[in-house]
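Scroll down for the structure; my scribbles are underneath it.
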């Protein structure tokens, strides 16, 4: 999105140059200088949002020579908004609600099979429809994100999530399985408006030293929803034979989630804003300055697929996340196979996997903000996820549930903790391309592999048992770890931020105001030198 209209940009840019040139009459008289448009609207820059701009251009986007510009949004002031945490927390909450609805059927797979009188594969499709719907809708929704912005996408996603939850309340009879499927499909469409948002919210609202943590918090909500989806359904819906009582317990769960979804939709309307008044980081300021309303959406996708490092990340992220989706969908079936009657503990094992993964995600986000070691951290976490999967595979059938809890938790710490790492690494590799497109492509890869792995592992488990099914996932995780080693750490966003030192958050800004002004005052000279 562009902060200002093109004409306003041109006026601001011209004003900035006139002010700077006025200090040197010999320069202002030169027609080649005075007639030159500002950097932000130069055709060679605005046509393609490339990070290869000259350092002087990177250091000072158009209009930043005058922080006191009268425009509604001043690109020269780098300042974080106090609203940023409210925005990311509200997003995290309705993402949690949507994720709960994804896993609520699979966590008590056998109970819904008996209630609706359908096969295990039919119940699996209530989970896989989330993955299937995402694939064709990714590009249209990513385009809508670029066209209409964060607030519109957030409102649409939360509204669809609320609608799907209320539709499910019409499926409380055994013959109404198609209605519950319809409600789940609506929720799966809402998911398309949710999954690509974390890295975009982090970039638009948070400073350079907070983006990884913010992205982890945004992903945190989705993982918490999955965790609650493993824990709560087995408690609210016991495995009983009486269909009327079972329908009553299911209705309690559906009413609770519908009420929560409605409340969160109202909060999105109140809290969610398009973007802060000032860009929160130098990279985001530059992204606004280089944005072009006429830039081709398809050309951006083509450039992303020409980025070999990003293509490798798409594959490796899809393999890891797809394995996690398959494990989550089939966990109840695997645990019940070895430990009959342990539906509640099966849900608790899923909870353990996700909670430990949330802890891993938060630690990795804080670690990245401090060290910026994206490649190294991603590779180590991926290898440890593979090791955790191997140990879980070998211990699942030992007959001791406490051992499964420990090994599943260790696996989840790394496997689920990898997910926000992938988002942030993708933004680094593809800057200044849209975060919505890059994270959307990662999620599309995850959905494709998730469908393949869920169907394949389900068939292997039915025919050969749980160990061959888990070994199947181990093979692909090994492939993902090898491919991750070949990704080059081309951290483009970090390079953009290093061109000019990052300003402090708003709370610390007053202490360093004089230092920042001295830095800003030097910028127009470097821009003029580039023009000359």
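Any Cβ shown, glycine's included, is placed from N, Cα and C.
Nobody curates TrEMBL annotations by hand; they come from automatic prediction.
The compositional bias 'Polar residues' annotation in TrEMBL covers 14-60.
Annotation comment: TrEMBL describes 61-72 as compositional bias 'Low complexity'.
Sequence annotations record features per position, and here TrEMBL assigns transmembrane segment to 85-105 (among others). Long-range neighbours of the transmembrane segment (85-105) within the same chain, counting only residues 6 or more positions beyond its ends whose Cβ lies under 8 Å from a Cβ of the stretch, are 112, 123, 126-127, 130, 154, 157-158, 161, 164-165, 184, 187-188, 190-191, 194, 197-198, 201-202, 205-206, 214, 217-218, 220-226, 228-230, 232-233, 253, 257, 260-261, 264-265, 267-268, 271-273, 328-329, 350.
As annotated by TrEMBL, domain 'Major facilitator superfamily (MFS) profile' applies to 87-492.
Residues or ranges marked as transmembrane segment in TrEMBL: 125-145 (among others). Panel annotation: around the transmembrane segment (125-145), residues 102-103, 105-106, 112, 152-153, 156, 180-181, 184-185, 187-189, 191-193, 195-197, 200, 297, 301, 325, 328-329, 434, 436-437, 440-441, 443-444, 446-448, 450-451, 454-455 of the same chain, lying at least six beyond its termini, place a Cβ under 8 Å from a Cβ of the stretch.
Packing against the transmembrane segment (152-169) from elsewhere in the chain are residues 91, 94, 97-98, 101, 141, 144-145, 179-180, 182-194, 197, 251, 254-255, 257-258, 261-262, 264-265, 268-269, 272: each is 6 or more residues past its ends and has a CB under 8 Å from a CB in it. If you look up TrEMBL, you'll see 152-169 (among others) marked as transmembrane segment.
Through the fold, the transmembrane segment (175-199) approaches residues 91, 94-95, 98, 101-102, 105, 116-118, 122, 125-126, 129-130, 132-134, 137-138, 141-142, 145, 150, 153-154, 156-161, 163-168, 215, 218-219, 222, 420, 423-424, 426-427, 435-440, 443 of its own chain, all at least 6 residues removed from its boundaries and within a Cβ separation under 8 Å. Here TrEMBL flags 175-199 (among others) as transmembrane segment.
Taken from TrEMBL, the feature transmembrane segment applies to 211-232 (among others). A Cβ distance under 8 Å defines the sequence-distant neighbours of the transmembrane segment (211-232), meaning residues of its chain 6+ beyond its ends; these are 84, 88-89, 91-104, 107, 194-195, 197-199, 201-203, 205, 253, 281, 328, 331, 346-351, 353-355, 357-358, 361-362, 364-366, 368-369, 416, 419-420, 423-424, 427.
Look at TrEMBL and you will find 252-272 (among others) tagged as transmembrane segment.
Taken from TrEMBL, the feature transmembrane segment applies to 308-327 (among others).
Summarising the annotation, TrEMBL assigns transmembrane segment to 347-367 (among others).
Here TrEMBL flags 379-395 (among others) as transmembrane segment.
Per TrEMBL, transmembrane segment is recorded for 401-421 (among others).
With a cut-off of 8 Å between Cβ atoms, the residues of this chain six or more beyond the transmembrane segment (441-461) that come close are 120-121, 124, 127-128, 130-132, 134-135, 138, 195-196, 301, 304, 313-315, 317-319, 321-323, 325-326, 329-330, 333-334, 337, 422-423, 426, 468-470, 472-473, 476. The transmembrane segment annotation in TrEMBL covers 441-461 (among others).
The feature transmembrane segment is assigned by TrEMBL to 467-487 (among others).
Annotation comment: TrEMBL describes 494-506 as compositional bias 'Basic and acidic residues'.
Residues 198, 212, 215-216, 218-220, 223, 320-321, 323-324, 327, 335, 339, 342, 345, 348-349, 352-361, 363-365, 368, 374, 377-378, 381-382, 384-385, 387-389, 391-392, 395 of the same chain lie 6+ residues outside the transmembrane segment (401-421) yet bring a C-beta within less than 8 angstroms of a C-beta in it. Averaged across the domain 'Major facilitator superfamily (MFS) profile' (87-492), pLDDT in this predicted model comes to 86. Non-local neighbours of the transmembrane segment (347-367) in the same chain are 103, 107-108, 212-217, 219-220, 223-224, 226-235, 327-328, 331-332, 335, 373, 377, 381, 401, 404-405, 408-421, 424; each lies 6+ residues outside the stretch with a CB under 8 Å from one of its CB atoms.
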